[in-house]
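Trainee: I'd like to ask you about the structure that follows.
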Amino acid sequence: MLQTLEMKQEIKRLNKEFLHSADFVVKEIRIGQVEEAILCYYSSLVNKADVEQNLMNLRQLSQLAQENLDSVQNNGKINSNELEKNGNNAIPKQLVKDDSITITTEKYNQQKLVDYVCNGETIIILIQSNQMIRINNADFAHKTPEEPETEQIIRGSHEGFVENFDTNVSLIRKRIKNNKLVVKEVLLGKETKTTAYYFYVEGVVDTEALKTVEKRLSEIELDMFYSIGQLSDQLDDQVWSPFPQLLNTERPDRVVANILEGKIAIMTDLSPTALIGPVTFFSFYQTPDDFNARVLVGTFYRLMRIFSFVSAIFLPAFYIAIVSFHFEVLPLELGNKVKSDINQIPYRPLIEAMIMEITIELIREASVRLPKSIGQTIGIVGGLVIGDAIVSAGLVSNLMVIVVAFTAISSFVVPSVELNTSIRMLRFPFMFLASLFGFFGIVIGTFLLVIHLLNLSSLKRPYFSPIIPFEPKELKKIFLRAPNYKAKKQATSFSPKKDDNT
Amino acid sequence: MSIQLTKLQLFLLMFVMQTGFVYTSFQNIIIEHGNRDATIQFIIISVIFFLQLLFFERTHKYFVLNSFTKTLYLIYWSLYVTVFVIYITYVLTSWIFPNTPTIVLIAIFLSVCFYASISRPETAVNIGVVLIPMLFLFLVFMFLTIPNLHATNLLPFFYDRQDTWWMGFIYATYAFGGAEVFVVLRKYLVSNDKIPKKSLFLYFSLLTSFYLLSISFSLMYFSLEEIKLIPEPILYILHSVEVTFAKRLDIFFVYIWLSWSLVAIVNYALVMRLVYFEKKRRLPRLQQLIFFAIIGITANFLIKFSVLDFLNNYLVYLNIIFTFILPVLIIFVNKIRGRTVSELEKSSS
């Protein structure tokens, strides 16, 4: 009677502790003949059928092997296989449903109980013996490993990460069947207690970069952690730079290729995105397609992508500079055509360019937010209808539409979404500089951009390698896809390692 | 402040500093004095430069700057950078921005140089790499003029024009100004082994060919009388080239040359930083800001054709002193005294 009263009070207390949450389940159960217990879990985080199954297992275990249950309570963590080995041959095989589920007992602690339940565990509190049994059968919602929409490739693996630790690790381990692949875990967010984990290959990893990652992860002091962007901000060397310093990817093959080069991949349970570092600027221009396609084809498209960087940033600025300052650069016939075209436009070239660029950005943003089917329609409406109407209305010249369309296409060539957005943003200051000073403004802007890129680092490693430090032999790898690709570590210092032989 | 350089980086730094702003302007003055013998005169001076490089390589350990010579070099380099700024602004105002106040132009491009200078030293060391594709582009532009060249203009006369002929040799030394940085930067090489003669020869050949190209193209394109009237022959050559994709190639070259000159200023500032900040000093950024401000203000006051003409005629003598004579003197004096760079480093540590 006393025990029942105590249990009722405890259930009440637990309900209060979990703020009477709708998905919090707490109830009395009986294990074996004598022991009464409290079962609690979040129904949203566990599979109810699994809970019932495990409960049944425990009851039968208790009935069949009371002695073994005692030893479980005393010895701490032990899984169902070990129970079997422990001498109780009477435990029927069907009771051990899943080897991945671990059953642990430990002394009952109210604060720990809250953590465990929030972590998706099912807890059985044995009031009489002041113990609790933890059944780790969390079943967090996540999608299946499908190819990420933002990183589609033509040839190669079509798998993608999900929001689940085990699935993601298995996708990596499937590709690196080696015990030197290390996975480490850290908790982020004092309140949210999010699990973050990082991968690297022992013996290959850049140890200094690894130390930097570990140091920065340990220094994160956040109460609430809810997005990969927060992690990226904490790990970046220069958070105010427009350039991403960690490669974002949802592709396991890309992560594997990078960690085999000595890099580190960092993930969380909240997102299928992996952050890879240290990387160089040119890492963002490589895709798995390069290595799956023919050597010449891979090389050609890599060159095209690098060219797209130049056209995406400079083309509108170049157009503005020519139209506003340097008309004499154009051949006579073209010059006359451009002149007659823009003579009809009431605005300065910068305003003209801004109208078109902002229209393109709005169309892009709208098509991202809308469902796929409507998104495509918006693209057509925006691209064709608005484009045509805006020219007919005399707001923008035909040539400007061509320039802006070419720029937009160029910016979407970049395989990385982060760099793509940075590049799109960077063309605006260049447009302003070009409208103020023509080519002189572009040169000054380029100079600033280059200095910024040379100063930048990713996990304290040179970002613009192999240009800084200058390694002519490595330079060709930026432009060419070599036949037998050999993984190579990134440059580790801004200072050159050894002298060249020239 | 200290850096580590590879041989390639050392030669890249030297190449940018030695070509810098001189490249567009020195052809007419050497041709004016050497006439059709200019190429021969230039080759003779380039051989002297090569011998000097060999000498520097053998004796670089004796190139120790005391506070007096350090000050002299810092003043000389500051003057050199000021002349750079004057000339860049002059070209920009005469070719592109006739109505823009010169101080605005100076402030813009010197701010960029200042940003590069307060960045990590490796940035200044490596920034020249971005010029490499531009140089190839420039060479392509130049080769487009081949159909308009007269090869017979290259044949030398070897006739005596008394004192003016010898001046051709003097002005040919313009191309090799900045060679002293070889001995200044030599101690920062990663491996302090000897630089092979082959590497020195390669560098010498590259620099000489690059300059020779501009002198010979100017000679082949213009008549001797024409060239006296043209201050920047390369720009005029490119101006008159007819290609289908662009009407004015010279405009593009002006900007290639502008970037090139800005990198040269950044590199000179780096050498000055290495010399000046060898001893730890307070507020390095502020000191650099003051340096660039003084350079900018001084240059702004001196942007006049008469000043440029004077500098064009007489800066070469300073060049000869600081590039060819003073380093040799410093080396000899220190050799006699037995002072070497390594001893100095030991004593300072």
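Every residue gets a Cβ built from N, Cα and C, even glycine.
Annotations in TrEMBL come from automatic prediction, not curation.
The transmembrane segment annotation in TrEMBL covers B:7-26, B:38-56, B:77-96, B:102-118, B:125-146, B:166-188, B:200-222, B:252-277, B:289-308, B:314-333.
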Trainee: Please check if the transmembrane segment (B:7-26) comes into contact with the transmembrane segment (B:200-222), where contact means 3 or more CB pairs closer than 8 Å and the residues in each pair are separated by 6 or more positions.
Mentor: yes
Trainee: Which of B:38-56, B:102-118, B:200-222, B:252-277, B:289-308 shares the most C-beta pairs under 8 angstroms with the transmembrane segment (B:166-188)?
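Mentor: Result: B:38-56.
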Trainee: Count the CB pairs under 8 A between the transmembrane segment (B:38-56) and each of B:77-96, B:125-146, B:200-222, then give me the winner.
Mentor: B:200-222
Trainee: Against which stretches of its own chain does the transmembrane segment (B:289-308) lie, if we need a Cβ under 8 Å and a gap of at least six residues from its ends?
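Mentor: Answer is 78, 81-82, 85-87, 89-90, 93, 102-103, 106-107, 110-111, 113-114, 117, 269, 272.
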Trainee: Where among B:77-96, B:125-146, B:200-222, B:252-277 do we find the most Cβ pairs under 8 Å to the transmembrane segment (B:314-333)?
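Mentor: If we count Cβ pairs closer than 8 Å to the transmembrane segment (B:314-333), B:77-96 scores highest.
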Trainee: When you scan the chain for residues with a C-beta under 8 Å from the transmembrane segment (B:200-222), skipping those not six or more beyond its ends, what do you find?
Mentor: 11, 14-15, 18-19, 23, 27-28, 30-31, 36, 38-39, 42-43, 46, 49-50, 53-54, 57, 139, 142, 145, 148-151, 153-154, 175-176, 230, 233-234, 236-237
Trainee: Excluding the flanking five residues on each side, which residues at least 6 beyond the ends of the transmembrane segment (B:252-277) place their CB within less than 8 Å of a CB in that stretch?
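Mentor: That would be 1-3, 13, 16-17, 19-21, 23-24, 65, 70, 73-74, 77-78, 80-81, 84-85, 87-88, 91-92, 95-96, 109-110, 112-113, 116-117, 121, 124-125, 127-128, 130-131, 134-135, 137-138, 141, 178, 181, 184-185, 188, 234-235, 238, 246, 284, 288, 291-292.
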